[in-house]
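Enquirer: Here's a structure for you.
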Amino acid sequence: MNKNIVIKSMAALAILTSVTGINAAVVEETQQIANAEKNVTQVKDTNNFPYNGVVSFKDATGFVIGKNTIITNKHVSKDYKVGDRITAHPNGDKGNGGIYKIKSISDYPGDEDISVMNIEEQAVERGPKGFNFNENVQAFNFAKDAKVDDKIKVIGYPLPAQNSFKQFESTGTIKRIKDNILNFDAYIEPGNSGSPVLNSNNEVIGVVYGGIGKIGSEYNGAVYFTPQIKDFIQKHIEQ
């Protein structure tokens, strides 16, 4: 039987069971099949690298690039100000590593959608591992370069409220690199803004800024980390 027919049939059944409460397991299985079609998997353990380097915001994603330093998008950081409290650690659960205050926000001076956020090292609310941000996360290293057809992964928090701040990983390939823009076909959704684009060595190539949420789309976009952008980020990493 055609796989698309099977998926659509199960999706219809899932809608029915969600209303009647007959079988919640069918809903979960349907979601798993749909995610498999998109090359998307849920991350079950965020305590290990690279997953412990990807942090959640209320409606987006960020990732750790150095001591007390997070990269996200300008369109994400614009909703925050110095002194705001964020759950900046893996999996979006404040009990996982504490809640932290923003110390500074530095937007890239060009048109590229990059923002560097520095946070206080000590949590204002304590998590089970203590107050220190850097004990709960691991920073990424920059990739030297990237090229078309390289395999990549995107890790983040798509549809965070709907998915209860669960972390997901999607895989794909680079389709185009032009100046500071990188296009790829890994599946993304709202909430993936600020996600790292990683190579096969889990080195960061760029930061996701937008997409069209379509399977196989080659128009999902990230800011490609050129030497100039890397220099800007490096200058804002806390020493």
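Any Cβ shown, glycine's included, is placed from N, Cα and C.
OK, Swiss-Prot features for this one:
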ACT_SITE  His75  active site, charge relay system
ACT_SITE  Asp113  active site, charge relay system
ACT_SITE  Ser193  active site, charge relay system
SIGNAL    1-36  signal peptide
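Could you place these features in context, so I can see how deep they sit and what lies close by?
Expert: His75 (active site, charge relay system) carries a helical DSSP state (H, G or I).
Within 10 Å of the C-beta of Asp113 (active site, charge relay system) we count 23 further C-beta atoms, all protein chains included.
Within 10 Å of the C-beta atom of Ser193 (active site, charge relay system) sit 26 other C-beta atoms, taking all shown protein chains into account.
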Enquirer: Can you tell me how far the Cα of Ser193 (active site, charge relay system) sits from the Cα of His75 (active site, charge relay system), in Å?
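Expert: Ser193 (active site, charge relay system) and His75 (active site, charge relay system) have their Cα atoms 9 Å apart.
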Enquirer: Could you state the CA-to-CA distance between His75 (active site, charge relay system) and Asp113 (active site, charge relay system) to the nearest Å?
Expert: 7
